[in-house]
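According to Swiss-Prot, the feature ATP binding site maps to G10, K11, G12, G13, I14, G15, K16, S17, an assignment based on sequence analysis. Sequence annotations record features per position, and here Swiss-Prot assigns [4Fe-4S] cluster binding site to C98, C132 based on similarity to another entry. Per Swiss-Prot, the feature ADP-ribosylarginine maps to R101; the stated evidence is similarity to another entry.
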Amino acid sequence: MSLRQIAFYGKGGIGKSTTSQNTLAALVELDQKILIVGCDPKADSTRLILHAKAQDTVLHLAAEAGSVEDLELEDVLKIGYKGIKCVESGGPEPGVGCAGRGVITSINFLEENGAYDDVDYVSYDVLGDVVCGGFAMPIRENKAQEIYIVMSGEMMALYAANNIAKGILKYAHSGGVRLGGLICNERQTDKEIDLASALAARLGTQLIHFVPRDNIVQHAELRRMTVIEYAPDSQQAQEYRQLANKVHANKGKGTIPTPITMEELEEMLMDFGIMKSEEQQLAELQAKEAAKA
């Protein structure tokens, strides 16, 4: 089987790392060999797989050793739950340098040192509020072929998902990158599944799975475990297995996204009654003022 390079993008705090690690833990049950490359400066892309606080990052270890050339693969690559290989690229100190540089350095080092040999999936976990050059690196350099956007029914998550789709479109024609689908991580906002489905349709993709909110996820996280490991027989574990099966069956089915404008996004929110038009806001304000008079 040829190597599948997938990436999970999403705005900070959306539950992207949790969703990706639970999905990958479920993929292992399908006898898939997996390498996770964390591309988020928080370096939390592997903690549930390694049961550790935060993995030492490639950038941190390279700084200690002198340069990345002074590192060995075993210095940066750790083996976690059911043999999943884990690497964190890391980022610079806040306010200094470009976090994307760590991503570029790490991927090149891993490829040159054979980390991609003998795996079925490489999964990049990428911060997606900013689709700056560095964080777009897995897309731009034609590494990640299938992008899964983790989002919710909240306006900023929808906005970020649309922005990420713009980033994918920019490189879709020059490389082979495609949008695999949206994963909605339930926030229990109004009309959430309908909104997520509507955005997926507008972006020319699918809502690949709607992950319901369940406190068992937090219980597992406190123990630095995936739900798959902590509560394998739970309904939530089944949700992640369904998501993993859908991702596994989605090979070659990605699309070139059709992002929408900010105005179109706001119109969509108004159609769903989530956002009020300026006329409605003005009318409400006038009604309030009239009531005071």
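The backbone N, Cα and C atoms fix where each Cβ goes, glycine too.
Note that the structure is a prediction, hence the values are computed from the model and not measured.
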Just checking, which of K11, K16 (binding-site residues) has the fewest C-beta atoms within 10 Å of its C-beta?
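Lowest Cβ count within 10 Å among the binding-site residues (K11, K16) is K11.
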Determine the minimum-neighbour residue: among G10, G12, G13, G15, S17, listed as binding-site residues, which Cβ has the fewest other Cβ atoms within 10 angstroms?
G13
